[in-house]
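Enquirer: After the structure tokens below, expect a handful of questions from me.
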């Protein structure tokens with residue numbers, strides 16, 4: 001049976017938050033965002049091995065926040081893609097070609113355990129990789145340089161990409177290498193797979209798997225982790241069945 005490897009890039013500075021510290025160290029109920037995220041991943045995959053990408057000069061990190069027995073600190077890069085590539089390189093001597101690698105944003109502490117497990121199960125039969133995602137529900141507008149509407153964009157077939165995203169180890173490595181050689185700008189793992197000609201599988205996930213990017217996101221994540229029903233309604237969080245129904249509509 002293949003192993004599961006988790007990569008969590010956590011070397012970013014989170015400048016859009018405008019906070020005094022990187023967003024992975026912002027406090028939620030007495031613990032940093034990073035600790036909440038790792039705890040959620042561990043609840044779903046206690047047997048997984050973790051590669052945690054941190055800034056080499058990071059002095060805020062504490063190993064006590066890592067619940068995994070098998071984990072390793074990896075030097076983070078200038079950009080997220082650099083951190084992920086460093087983590088993939090660290091697995092060269094230990095990961096098998098068909099081992100599953102999942103990459104998760106450290107700033108997504110609200111990801112549902114059932115979604116994590118469902119993603120892993122889906123990717124056992126998806127050699128081209130895949131990702132958690134949610135169908136676009138809002139009306140989408142294309143804007144001009146002045147911030148005025150140019151036209152309404154059809155939301156048919158549009159999805160919000162989330163994380164985790166992943167693929168078998170060899171597939172992900174080759175996709176990243178191809179993108180690097182072709183000069184493709186990568187925003188996530190799925191874009192690397194796409195650039196290599198693959199079609200990653202979209203696995204429906206809850207909408208409350210939000211990424212903490214702006215100050216209001218932190219407040220919402222705090223309420224979500226506390227189990228506030230109103231906050232779940234505000235994010236449009238749906239059950240697995242309703243997400244699947246919407247994806248088909």
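Cβ from N, Cα, C; glycine included.
Found this in Swiss-Prot, in case it helps:
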type	residues	note
SITE	16	site 'Transition state stabilizer'
SITE	23	site 'Transition state stabilizer'
SITE	155	site 'Positions MEP for the nucleophilic attack'
SITE	211	site 'Positions MEP for the nucleophilic attack'
Enquirer: Determine, to the nearest whole angstrom, how far the Cα atom of residue 211 (site 'Positions MEP for the nucleophilic attack') is from the Cα atom of residue 155 (site 'Positions MEP for the nucleophilic attack').
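Expert: Taking the Cα atoms only, residue 211 (site 'Positions MEP for the nucleophilic attack') lies 21 Å from residue 155 (site 'Positions MEP for the nucleophilic attack').
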Enquirer: Pick from 23, 155, 211: which of these recorded sites has the biggest number of other Cβ atoms within 10 Å of its Cβ?
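Expert: The residue with the most neighbouring Cβ atoms within 10 Å is 23.
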Enquirer: To the nearest Å, how far is the Cα of residue 155 (site 'Positions MEP for the nucleophilic attack') from the Cα of residue 23 (site 'Transition state stabilizer')?
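Expert: Cα of residue 155 (site 'Positions MEP for the nucleophilic attack') to Cα of residue 23 (site 'Transition state stabilizer') measures 31 Å after rounding.
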Enquirer: What does DSSP say about residue 23 (site 'Transition state stabilizer'): helix, strand or coil?
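Expert: The three-state answer is helix.
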